[in-house]
Amino acid sequence: MTPLLALFLVALVGLPVAQALDCHVCAYNGENCFNPMRCPAMVSYCMTTRTYYTPTRMKVSKSCVPSCFETVYDGYSKHASTTSCCQYDLCNGAGLATPATLALALILLATLWGLF
């Protein structure tokens, strides 16, 4: 084997291998949903969106997305919602509450407190 070819093979072995992200992907009218799926190669985020129709009724949507912006919308004129993002395999499972979810819970409690 020529020295140049050997050097090329050593360089290839040292390169990191790109691996597709695994996320839960689903839309469910309930507390949570689980459906592990391999995302396309250009996807780098798992996203979870929770839309609250009432304090006890919500829709959870989970997906693979190429870019993601975490948001909290208080639902002044419509439904309240939160979007959270993460970047490791199956990170959008049940897990702990995200800061965005906690902030929305406080907003909903403050709104309910103001109604009584």
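Every residue gets a Cβ built from N, Cα and C, even glycine.
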Fill in: Member of C64, C85 annotated by Swiss-Prot as disulfide partner of C68
C85
Fill in: C39 - recorded disulfide partner, Swiss-Prot, among C26, C46, C64
C64
Worksheet item: In the domain 'UPAR/Ly6' (21-105), how many residues does DSSP call helix, how many strand, and how many coil?
Response: 7 helix, 38 strand, 40 coil
Discussion item. For the C-alpha pair, I'd like the distance in angstrom between C86 (disulfide bond) and C33 (disulfide bond), rounded off.
Written reply: 16
